[in-house]
Amino acid sequence: MGLIVQKYGGSSLADKERILNVARRIVETKRDGNKVIAIVSAMGKTTDKLIQMAREISEVPPKREMDRLLSTGEQISMSLLAMAIQAMGEKAISLSGPQAGIMTDAYHSKARIKNVAADRLKKELEEDNIIIVAGFQGENADYDITTLGRGGSDTSAVAIAAAVDADLCEIFTDVDGVYSCDPRIVPKAKKLKVVSYDEMLELAILGAKVLQHRSVELAKTHKVAVHVRSSFNHNLGTVVKEDTSMEHNGIITGIAHDFNVAKVVVFGVPDKPGIAARIFGEISKLDINIQMIVQSAQTENMNDIAFTCSIEEAKEAQDALEKVVKEIGARSVVITDNLAKVSIVGAGMMTHTNIASRMFSALAGAGVNIDMISTSEITISVIVESDKCQDAVQALAKEFDLLENK
Ligand code: ADP
Ligand code: ASP
Ligand code: MG
């Protein structure tokens, strides 16, 4: 008898039939002799619809109210699923994030889990309940509801699995596991049997939304093995774990892409000490996640400073920088957002030297122009025009042998 944490994503709960399918899977797991905690996302595109509704009411919805609103999506699915399970003859109880003891920091819309006070979860398990928890939400020190950022139910699931010391954490989604690249844009992508925490973390940070990156961070810290699999069949999926040295994925494990990228350029920045600190000091006050920074070569004691971040954050950054631009005597601040980021990820990069040149040649061969480049120990990312993104991913998948042979 084990304790199993399962997470079901929005597409797995999109309508009545799918909710009943998930209920059956959970009941099956329970009847196999396990205790079950299931974490749920909002049904289908509910979160997007709620965001749209808020924007129709207010141009910049207050973040506290936004979190209150978005948290309702998960609360609908948790209640419906608990009802479905009870109708199948099993004991079940639904809990919101705060009721499940998920405590977060204060940042509305991208809160981090600080602690899971698991007493209530343990009590309900002792009473033989199947527990359904609303994902993506917690409570801050002021007892206000917070949300964990898009895709945050993955993080709720891993945090709960760690807190109750679960034997297994299964993430059920709408694809069969983690693939070498997004199977929706490269249908012949290879399914990975295993992937290491470090590689999965990079893939997730760089845009592979199959797992929210914070869930991978937590899984690594608490050594939770995560099994990503489909809720529509019983195939084995992908195990995300520490050591994958027995199973080789090749030099490059995967490719991530991200359309939610904007470039912010501050033109005509005076070339003197303290200017970059002033610009990025202002940005850091907004808790914006900067991805790449490039400073152009200096001409006539001026240069341009460009950085990338998400499209929503770029607008916030531009507003904040208008004031700084005047103060430091720079020319202007301009956003470009018809861009995408394409990244290759693989631990093999640490021991192979020609990866960057192979990547750039493959992109050139596919007619893809590179706007910006950044590298880390196990990744190389490039910014390209968004309508070249698919060609870029496909060319790189071919170059690095990431396609199924069939
Ligand atoms: P859920 O609603 O179950 O949380 P998501 O839409 O958040 O599902 O994540 C699953 C999606 O992630 C897939 O439908 C797929 O398009 C996308 N995805 C991106 N990169 C990958 C990858 N490398 N492997 C698998 N899926 C990926
Ligand atoms: N419903 C939230 C979202 O759409 C959280 C999640 O699905 O994990 O981002
Ligand atoms: Mg998701």
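Using the three backbone atoms N, Cα and C, a Cβ is placed for every residue, glycine included.
What you are looking at is a predicted structure, and each value in this text was computed from that prediction instead of being measured.
Pulled from TrEMBL, these are the features on record:
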- Lys7, Tyr8, Gly9, Gly10, Thr173, Asp174, Tyr179, Arg184, Lys209, Val210: ATP binding site (BINDING)
- Thr47, Glu74: substrate binding site (BINDING)
- 264-342: domain 'ACT' (DOMAIN)
- 344-406: domain 'ACT' (DOMAIN)
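Everything TrEMBL records as a feature, shown here on the structure.
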residue: Lys7; record: ATP binding site; DSSP class: strand
residue: Thr47; record: substrate binding site; DSSP class: helix
residue: Glu74; record: substrate binding site; DSSP class: helix
residue: Thr173; record: ATP binding site; DSSP class: strand
residue: Tyr179; record: ATP binding site; DSSP class: strand
residue: Lys209; record: ATP binding site; DSSP class: coil
Restricting the binding-site residues Lys7, Gly9, Glu74, Thr173, Tyr179, Lys209 to those with Cβ under 6 angstroms from ligand 1 leaves Gly9, Thr173, Tyr179, Lys209
Within 10 angstroms of the C-beta of Thr47 (substrate binding site), the count of other C-beta atoms across all shown chains comes to 24
Mind computing the max CA-CA distance among Lys7, Tyr8, Gly9, Gly10, Thr173, Asp174, Tyr179, Arg184, Lys209, Val210, which the record assigns to ATP binding, rounded to whole Å? 21
Over the span of the domain 'ACT' (344-406), how high is the average pLDDT in this prediction? 95
From Lys7, Thr47, Thr173, Tyr179, Lys209, which binding-site residues have a C-beta atom under 6 Å away from some atom of ligand 2? Thr47
CB contacts under 8 angstroms to Gly9 (ATP binding site), restricted to the same chain and 6+ apart in sequence, sorted by sequence, are Ser41, Ser153, Ile171, Phe172, Thr173, Asp174, Ser231
Could you give the Cα-Cα distance between Thr47 (substrate binding site) and Lys7 (ATP binding site), in whole Å? 17
Tally every other Cβ atom lying within 10 Å of the Cβ atom of Lys209 (ATP binding site). 16
Closest of the binding-site residues to Glu74 (substrate binding site), Cα to Cα, picking from Lys7, Tyr179, Lys209? Lys7
Given Lys7, Gly9, Thr47, Glu74, Tyr179 as the binding-site residues, which ones have a Cβ positioned under 6 Å from some atom of ligand 3? Gly9
Cβ packing number for Glu74 (substrate binding site), 10 Å threshold: 31
Within 10 Å of each Cβ, count the other Cβ atoms and name the one among the binding-site residues Lys7, Thr173, Tyr179 with the highest count. Lys7
The domain 'ACT' (344-406) resolves under DSSP into 30 helix, 15 strand, 18 coil
